[in-house]
Amino acid sequence: MAMAAYSNQAQAMMRDYLLADPLVPYTSVLIGVFLCKMAYDLTRILSSFYFKGYSSLTKIQRVEWNNRGMSSAHAIFIAAVSVYLVASTDLFSDRLNGPITFRSSIISTSALGVSVGYFITDLAMIFWLFPSLGGMEYVLHHTLSLVAIAYTMLSGEGQFYTYMILISETTTPEINMRWFLDTAGLKKSSAYLINGILIFVVWLVARIFLFLYVFYHIYLHYSQDNEDARIWLLPDTDRAVGALCHERNVVYEDFERGDENTVEMVIIGLGSADQKCNLTGCSCCAALRVTRICEVMNI
């Protein structure tokens, strides 16, 4: 009886306080931080059991390994929620009346709160171990993302465009897998090549085509009123610029950690797979950089 009474009391407190509408954002942020800790620890535990080379990594490599596992978990979560809310619900449907930039729900706000919790956690780790987990480009990206997502979470404005941009997080697990394979000494494996091709395809869809559609959608809804046009500018432009800046520098950093002279390339329509390029003289577009598909500068 006593346990049942305590359980009922705890449920009532959860319903009346932690899950009350004004507190949903703050509760979800705390949940996000907690889930990040769980993902970090789970990555460490599973890696120590199933990856023999994990124990031979340096301390900072193990920290980054676990951090990237946490990053991938967040990316999968927020990308799945984004696709669900944008494509599978009526929350942002054109069939509903009212400006699309003002639509939100408890689910959409809570998911953004979890994402804010992730960026707070990751940013704290970056500062704590600076610059081992990333330089100022990571700080800039995370700060822009944190401000943008927190704004839409707290105001309930511009959530549709924020979720559209967050679908681009589908590229993050592949970027992290590239690092995992490289660190595990599988840089020459077929898995590394397949993952690189997957990065290119997902990047093309989620970072190029999707962004074009987002700005086209903004153009179509620009005339709703001037306030609508203003609302999306801060959160989603910050998010878009932050994403591009971040991914570009991630690839540069991977290049610096890799072979300083040459890297085997896959040249689409330019040559064979065994062609080489000098990393310091490589000219690539943003999408091709992530798969190390580059033009040979000395031909």
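Cβ atoms here come from the backbone N, Cα and C positions, even for glycine.
Feature annotation from TrEMBL assigns domain 'TLC' to 60-299.
Summarising the annotation, TrEMBL assigns transmembrane segment to 23-40 (among others).
Per TrEMBL, the feature transmembrane segment maps to 69-87 (among others).
Summarising the annotation, TrEMBL assigns transmembrane segment to 107-131 (among others).
Among the features that TrEMBL reports, transmembrane segment is placed at 193-216 (among others).
Taking residue pairs at least 6 apart in sequence, the transmembrane segment (69-87) and the transmembrane segment (107-131) share three or more C-beta contacts under 8 angstroms. Model confidence over the domain 'TLC' (60-299) is summarised by a mean pLDDT of 77.
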